[in-house]
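Before any comments, here is the structure.
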Amino acid sequence: MEHDVDVNVKSNPDQSVLHLAAQKNKWDVVKWLVESGKASVEATDNNGQTVLHWAARCNLDVVQWLVEHGKANVEATDNYDQTVLHYAARTNKWDVVKWLVEHEKANVEATNQYGQTVLHYAARTNKWDIVKFLVEHGADVNVKSNFNKTVLHWAARKNKWNVVQWLVEHGKANVETTDKYGQTVLLFAAQKNKWDVIQWLVEHGKANVEATVKNGQTVLLLAAQKNKWDVIQWLVEHGKANVEATDNDGRTVLHLAAQKNKKNNLNVVQWLVEHGKANVEATDKYGQTVLLLAAQKNKLDVIQWLVEHGKANVKATDNYGRTVLHLAAQKNKKNNLNVVQWLVEHGKANVEAIDNDGQTVLHWAVQDNLDVIKWLVEQRNVWWNIDNLEADNYSLRLLHWTAKESKLDVIQWLVEHGKANVEATDNRGRTVLHWAAQENKWDVIQWLVEHGKANVEATDNDGRTVLHWAAGGNLDVVQWLVEHGNANVEATDNYDRTVLHWTARENKKDVIQLLVEHGKANVEAKDNDGQPMLRWAAQGNLNVAQWLEEHGADIDTIDINGWTVLHWADWGNLDVVQWLVEHGADVNATDIDGKTPLNLAEERKYKKITEYLKKR
């Protein structure tokens, strides 16, 4: 310092020599710099921290010296509004906290930019003595941070339940205060599985057991969700919890208990009905009763008890018209055949019931439940459902549904044993083969053609064959239909569109190549509007357009409106437009209204295409 060096000059992160010395715990250097009169104790680094902020997380002696001899400001705040007291609390320097409060009267209510006080920090660390000290020195236990969290919330969030109890008993903390998400400390405890704390909060803190979390669940509903049978019993008997309280989905504790996959959930259901007087016919917002939910989860023991002892209504339907039998028959799950059998034989469930979409139990079973289908047909004589039953509201028969779901084993059984008609059509004239092609179900297509003798040339109401439907999807399916199913590649629909038209429309280059090179499909074929497949490619995919042109497609062909391929490419495809022009497309060609491709591009406000065509 003998040469008048400026000790307050700052390094790259805006730290002075004093900051660097403090950061490295060189407190003898810190003292010397301050005593020399050269260094400013109030200088801040890039985070707004003074040397006292740094000292507060390290050493009480240095803090005392800086305050008493260096006159450092104990209320100085950094860029995040954190005081020296905040730093001491964050780093668990409770001796520094005590000294600052007792000797320097540091403000215990100071908040950082998140609204957090020193007490918030203390509550998180389970420091009872510090929590008590701060409360005794004026810290407000009910002050909220920016997320509306009180000290009680922070202690609960960090599982500091001893602090929670002390704050309620001695700090007079409000157990009903809610955070930003509407949660009380009781709900925090429930979510953390702290059931002993819940009992204490209800008995000693008088916490409201009907408070709800964001999804509308009370503590009772949370306990049911976690299958805490003893807690459920205690909350109902001692906490007087409402067994009919519902969450945002309208579900009661009985709904939740009935669908749990736990060994004792039948006991919970029985107790709630017999002792808690829970309503077995309560419905959620989807119209589902407890019985319907139990059926959906294949809880046979619960279903049996609800029907035999709870007198649950087996004819009840949800908002979609589904009965308990519909839900039990869906998707192949463990035990669901037993559930279906019991409901029919003992519960007298109606096997002919239809839902709002006109679907029977069999419609639901064909999704993936061959055992249920076999039993219903063979043992309950539900033969009429297979083919003679009116189709559902979408005009889809059982076989259509099965093909849609790609359940080959079910299809095989329905055709071979149920005598299902493979040529039956829906209201759009589509057969099961059309559906399988649409869904790219190769194994189903092969079996239907080879064993089910399905007609590959069958057309729907739009005149589309199976190959039309398959052309927009899987190459292997198309190849098999052409090579083994002898499907006609030149078949046209009601609009004179060939399979190639539909393939070009979907930009399936690999399928196009197969149809042209091996199926000898005509690349020049036009539909009713005189549109070639190159028109579709020009609107979507340059590679497809190039390939078609290379294999004989005429880029100057016109449709009935006088539009060339270039007119069609004007729909925003600059790369295709450029390629067409470079390959000789007539930029001055006019349609029946006398409009050129440039005129159309200007009308459609395609700026780049307009600029390009103007230069040609």
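Glycine is no exception: its Cβ is also placed from the backbone N, Cα and C atoms.
Unlike curated entries, TrEMBL annotations are predicted automatically.
Per DSSP, the secondary structure of the repeat 'ANK' (114-146) breaks down as 16 helix, 0 strand, 17 coil. Here TrEMBL flags 114-146 (among others) as repeat 'ANK'.
The repeat 'ANK' (249-276) scores a mean pLDDT of 90 in the predicted structure. The repeat 'ANK' feature in TrEMBL is assigned to 249-276 (among others).
Within the same chain, residues 249-252, 254-255, 258-259, 261, 265-266, 269-270, 273, 280, 316-320, 322-325, 327-328, 330, 333-336, 338-339, 342-343, 346-347 sit at least 6 positions outside the repeat 'ANK' (286-310) and bring their C-beta atoms closer than 8 Å to a C-beta of that stretch. The repeat 'ANK' annotation in TrEMBL covers 286-310 (among others).
The repeat 'ANK' annotation in TrEMBL covers 320-347 (among others).
For 428-452 (among others), the entry in TrEMBL reads repeat 'ANK'.
According to TrEMBL, the feature repeat 'ANK' maps to 572-592 (among others). Long-range Cβ contacts of the repeat 'ANK' (572-592) within its own chain (Cβ-Cβ under 8 Å, at least 6 residues beyond either end) map to 538-540, 542, 545-546, 549, 555-556, 558, 561-566, 598, 604, 606, 608-609, 612-613, 616.
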The repeat 'ANK' (320-347), counted residue by residue under DSSP: helix, strand, coil: 16 helix, 0 strand, 12 coil
The repeat 'ANK' (249-276): DSSP-derived helix, strand, coil residue counts: 16 helix, 0 strand, 12 coil
DSSP-assigned states of the repeat 'ANK' (572-592) in counts, ordered helix, strand, coil: 9 helix, 0 strand, 12 coil
Helix, strand and coil totals (DSSP H, G, I; E, B; other) for the repeat 'ANK' (286-310): 16 helix, 0 strand, 9 coil
